[in-house]
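Asks: Structure incoming, see below.
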Amino acid sequence: MARVYNFSAGPAMLPEPVLAQARDEMLDWHGSGMCVAEMSHRGKEFMSIAAQAEADLRELMSIPDNYKVLFLQGGASSQFTAIPMNLLQGAESADYISTGSWSKKAIAEARRYCAVHVAATTEDTKFTRAPAQGELDLSADAAYVHYTSNETIQGVEFSYIPETNGKPLVADMSSTILSRPIDVSRYGLIYAGAQKNIGPAGLTIVILRDDLMGQPMNGTPTMFDYKVQADNDSMYNTPPTYAWYLAGLVFQWLKGNGGLAAMAEINARKAKRLYDCIDASSFYQNPVDPVSRSWMNVPFTLANADLDETFLKEAKAVGLTTLKGHRSVGGMRASIYNAMPESGVEALVSFMQEFERKNG
Ligand code: PMP
């Protein structure tokens, strides 16, 4: 059996030791005689798995005590809805920063519930950079400020945390959470679908400050009410137990590998290796402003798009898969989350150099 280097944007690679541990525990978790997927979410075995996962995530991200951590379903897309429903708290507008496909989706959904003031957009330059702090036009009556700290499709990442003059800052961190240490106390709410840097699809993490719960707008579905979820330890209904367990194994793997500071060093190195390869060549191109380049998603084009299919086919033949760019931007995209080993980036760079030599 040969495992491939899978550059998918998500669902994405999981650390091999995590998969091996899940395999070893599949039929009998710690002498329980059961697979985790077969356990009652209210039983003591699963409760211990859930609590450990939360404790490990809190430790990894240094989450302050006045923040709740929710393990939900519905993907990051459901949070596009839940955020205005919970955070408007009687206000009629919110500020959104528009930096790419995912912030546009968040904005479109928020517009169903409030007036969205676009505090900055980089659409005029085809979303190839994050706006600087000085470009943010924040409004006085906004309930919160939302941004997408890493745009998975465009490969644009904020290199700073926006300053919001005391307004709660809300971040879609789906494709960058756990890639480096961040100061959680600067945020009102952080959310992420799990399927990139946390675990399998089906689990959505929300980290939110205590005071942002408890005043949902009229008509908020119970399942979308953060206070209900927090009061029930994310078990108002049956949670995604197996995904929660696997996420917990990923958190333990991260801790065993030096935590987020160590991840940041490795991720910076991986990204630099790939961007250096692209920049050193006139055959490959990445359009993103160097200060806004994502560590996690690296889109690039070939000088001759007619070669795209050959590139993908030959890459696949040597075990480098899922490099096709998003249909909206074309070209290629290499997603290099925590679980992508440095050897995978090394293999990709070698392949790219060889491909250029043959076709450039
Ligand atoms: N936000 C970002 C930044 C994403 O990358 C994605 C998924 N690619 C989403 C939101 C949507 O996530 P989900 O599929 O979990 O709803």
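Placed from the backbone N, Cα and C atoms, the Cβ positions cover glycine too.
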Asks: To which of Gln52, Gln195, Gln215, Gln285 does TrEMBL also attribute binding of pyridoxal 5'-phosphate at the site defined by Ala76, Ser77, Trp102, Thr152, Asp172, Asn237, Thr238?
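Replies: Given Ala76, Ser77, Trp102, Thr152, Asp172, Asn237, Thr238 bind pyridoxal 5'-phosphate in TrEMBL, the matching entry from Gln52, Gln195, Gln215, Gln285 is Gln195.
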Asks: I'd like to verify something. Among the binding-site residues Thr152, Asn237, Thr238, which ones have a C-beta closer than 6 angstroms to some atom of ligand 1?
Replies: Thr152
Asks: Using Cα-Cα distances with a 10 Å cut-off, which of the binding-site residues Ala76, Ser77, Trp102, Thr152, Asp172, Gln195 are near Arg42 (L-glutamate binding site)?
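Replies: The binding-site residues close to Arg42 (L-glutamate binding site) (Cα within 10 Å) - there are none.
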Asks: When you look at Ala76, Ser77, Trp102, Thr152, Asp172, Gln195, Asn237, Thr238, which the record names as binding pyridoxal 5'-phosphate, what is the longest CA to CA distance in angstrom?
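Replies: Spelled out: the longest distance between any two Cα atoms in Ala76, Ser77, Trp102, Thr152, Asp172, Gln195, Asn237, Thr238 is 30 Å.
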Asks: In Å, rounded, how far does the Cα of Asn237 (pyridoxal 5'-phosphate binding site) sit from the Cα of Lys196 (N6-(pyridoxal phosphate)lysine)?
Replies: 24
